[in-house]
Amino acid sequence: MAVIKIDTSQYDAQLSEKEQRIAAQFQRFGVDKLEVFSSEPINYRQRAEFRVWHDGDDLFHIMFDQQTKDKIRVDSFDPAAPLVGEVMQVMIDNLKSCEILRRKLFQIDYLSTLSGEILVSLLYHKPLDEHWLSEINTLKEKLSSKYKIDFIGRARKQKEMLGDDYVTERLNVNGQELIYQQVENSFTQPNAKVNIKMLEWAQDLCKPLKNDLLELYCGNGNFSIALAGSFNKVLATEISKSSVHSAQYNIAQNKVDNLDIIRMSSEEFTQAMNGERSFSRLEGIDLNSYNCQTILVDPPRAGMDTLTCDLVANYESIIYISCNPETLERDLDHLTRTHEVKRFAIFDQFPYTHHIESGVFLQKKNT
């Protein structure tokens, strides 16, 4: 069932259930104690996506029940950050009265930040012409008196930008402000306050670690930028072109001078490290100049393939960030042949759902 209305009195119970479930699932890896990081019980999501339903003169957001596929009208959305919730209502009020903006509109996406920016993407089953551009400009001017708001219009083979296609998040991590560009249609952690807790936990892990860090699946540099100060050098890989572009932007904004990002998949990087293939994308980067004793991986829900697990197992210390306990368990079966779990944390990125974000710290066994 989609989470729309929230009874905050149930928050502690649902988190306790997750803690017990994960503790039981990973007990065989010697996990004695979980570190548990809670979320805000309401208004925690910085992004939200809705379909749009037209009913005569009426117009409203909808979601679909995951089991029955029935549509659910969404006039207010309790998980949404306050800025998203407020702008949702403002958008509906303004779209209802504008035929040009509402016609053939089928989806609205919201992306916001703790620092007060919001990007609204409007998706259409029609080409966007000069009349649409005129109306959306008028709306942007009207709303900009109160909000730091930009718009994107999307139609088939068409993208119109009214402002930027990204927001700039500013996170206070252990007293340091970190700046992150977050681009429309690119992955970012939806629960910004829990993301801060994840970054602070990772920084704590890295305090005693030395030499260099390798990160696979680095996204927009979320972890590597926060951890760069703990290491001599950081090398990070990411396959998404837009995420690599954002990571480079974020490196410059945060004045990080010891971090290199290369655009390649974990499988390709494994081939490069094993000397199986050479890549022009590695030109100017001497892999042998890095003394990486720590590796951080934050893979997609599918986890890591066997060859990547083999590569990861070569490092003294492993930080594994996971959004899927099932593939994490599978990969730990592989990694605990050579390493032992030292710390295990859960982060409630997605309250009131079965989803859970985990962080595991492993160190090589003494032989």
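Every residue gets a Cβ built from N, Cα and C, even glycine.
As the structure is a computational prediction, the values presented were derived from the model and not from experiment.
Taken from Swiss-Prot, the feature active site, nucleophile applies to Cys323, supported by sequence analysis. Secondary structure at Cys323 (active site, nucleophile), taken from DSSP and collapsed to helix, strand or coil, is coil. Residue density at Cys323 (active site, nucleophile): 19 other Cβ atoms are found within 10 A of its Cβ, drawing on all protein chains shown.
As annotated by Swiss-Prot, active site, proton acceptor applies to Glu357. In the three-state DSSP scheme, Glu357 (active site, proton acceptor) is classed as strand.
The DSSP secondary structure for Gln189 (S-adenosyl-L-methionine binding site) is coil. According to Swiss-Prot, the S-adenosyl-L-methionine binding site annotation covers Gln189, Tyr217, Asn222, Glu238, Asp298, on the basis of sequence analysis.
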Should one count Cβ atoms within 10 Å of each candidate's Cβ, the binding-site residues Gln189, Asn222 would be headed by Asn222
The rounded CA-CA distance in Å from Glu357 (active site, proton acceptor) to Tyr217 (S-adenosyl-L-methionine binding site) is 15
Please report the Cα separation of Gln189 (S-adenosyl-L-methionine binding site) and Cys323 (active site, nucleophile) in Å, rounded to an integer.
11
Would you identify the secondary structure of Asp298 (S-adenosyl-L-methionine binding site) according to DSSP, in three states?
coil
Within the chain of Tyr217 (S-adenosyl-L-methionine binding site), which residues six or more apart in sequence place their C-beta under 8 angstroms from its C-beta?
Thr237, Glu238, Ser266, Val297, Asp298, Pro299, Pro300
Do you know offhand how many angstrom separate Asn222 (S-adenosyl-L-methionine binding site) and Cys323 (active site, nucleophile) by C-alpha?
15
I'd like the number of other C-beta atoms within 10 A of the C-beta of Asp298 (S-adenosyl-L-methionine binding site), please.
24
